[in-house]
Amino acid sequence: MQAQQQETPEQRLHDYPPQRATQHTGTRNSGGGGRPRFVQDAPDDDPRGVDGHPTPTSAEVGGSRNAASDGGRRTPRADGEQADIELVPAVTPIAGGPHLPETETLPPHPTRRRRPKKKNSRAAVRIASLNMKGGASPKTDVKWEKINQLIRDRGIGVLALQETHLTEARVNDLRARYPRLHIENTAHPTHDSSRDGVAIVLNKYTTNWSDSKTKVIVEGKAMLLSLACKNERELHMLCVYAPSGNDALNAGFWSELDQLWTVNRRTLPRLDLLLGDFNMVDSREDRLPSHADTAAVVDALTKFRERHVLVDGWRQENIGVRDFSFATRHTTTQKNSRSRIDRIYIRPGLLDSAREWEIRTSGIPTLDHSVISVQIAPEGTPTMGNGRQTMPQFILDDSAAFTQIAALAKSRQERVETALQPEWAQLKVDLLELGNTLARKKMANLNKNLNKWRKRRKITLEKVAQSSITDAESTRQLDEIDDAIRKIEETKTLRMREKVAARHHLEGETNSRY
């Protein structure tokens, strides 16, 4: 194949329509009426630029594009954005180059528009799943408010919700109420407000939600999300809510999914993730007391997983560890039990880019399921650094601690004036070290108690894994620990909401940055 010949600038000039002359009077920055002049209007990508001349480069005007300090103006930008117009100094023409007029003013280009900004997603996205135990009635507004706060506080980009019980009208109401969230739901075909329901919630601030696509696979039970990532890549994840209480229905659900992918293998993509409430476990170690599920159910799920080559990500990262995402809450003499029926399966190729596998309480008192989550950096995304170190907010709000910080800064004032850059850099390091030292001494009692209970929970789970504690005792201890953790997180959430409400009352209607 012959190489395509590159066009010269002179040849490209003939590919554009004739220019139109328009009369402009006055100058933009002269403060008075200038002489009338004619300017040729051209398309945005016309290499002839303004007045029939190519747009000069920064080298041709003898400086940078923003060299306002040298008396020059910013040159017209090639990306279509309008630049500030100032006087252009006379420049000696370059041999063979365009001739620049002396001290002329240019009006705003009438055809130039600002390019639409492309939505950028974060380098890593946190994907989570939660069984919300119904959310159709207006009485569940508090539950949705806490889900919204959960997404914001934990930086969740994609949240798969099961047992939503949402009607179409309710979904539209939630979309209007929470503009930060993009909600897609599939309801039960006949009992939309009382049975089943799967929803996918995308955080508009942290995901490329507008380019992502959803597809209903099984009404009320399974929804496919193709999440748009960087470099034109997509993450295909299936969010499921498997039938509960009936092994035959559960096994049939996985067989139905496998059949759908067999028949529609050309239109349904291979999965990268499979997550949700499975209402079964594939290992006896995922139940307390330990026992295995029906072989037919496990085999049906295993067959579907092997089709897409998916592995249990949390188990791969926590070999020999036992933890649970669901706990029964019997108040009678009936024994409580625990299980890890909420799981995330992942393609082995993504394991290296997945981190922070977590099972944590949701902070919502009416829920008996925990939030499971993982953070994934899709292939081709840039590596993120450790970020910028900052002082805790409660240290900056503490008057005694702030007095010590101010005293340290004043004591270094003379040294900073003598050697600005090195002393200023060292001062910042010392201020951060002082702030963190004070933070460790003045850590809030809530965080201390929360860390204490989490440590105790970890020790209890280690005893469960080592079988050094009875099932009844371990269940009792875990119930006590989870109740304490849930109450502390509820208190923290309440304090945060009170703080936000107070600030909104103070600054909500003022002309401020808030």
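Every residue gets a Cβ built from N, Cα and C, even glycine.
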Per TrEMBL record, range annotated coiled coil [choices 324-351, 352-379, 436-463]: 436-463
Tyr241 (active site) and Glu163 (Mg(2+) binding site), distance between Cα atoms, whole Å: 7
Which of Glu163, Asp277, Asp368, all recorded positions, has a Cβ with the fewest other Cβ atoms inside 10 Å: Asp368
Reported mean pLDDT - the domain 'Endonuclease/exonuclease/phosphatase' (129-353): 91
Other C-beta atoms that fall within 10 angstroms of the C-beta of Tyr241 (active site): 27
Neighbour tally for His369 (active site, proton acceptor), based on other Cβ positions within 10 Å of its Cβ: 21
Rounded inter-Cα distance in Å - Asp368 (Mg(2+) binding site), Asp277 (active site, proton donor/acceptor): 12
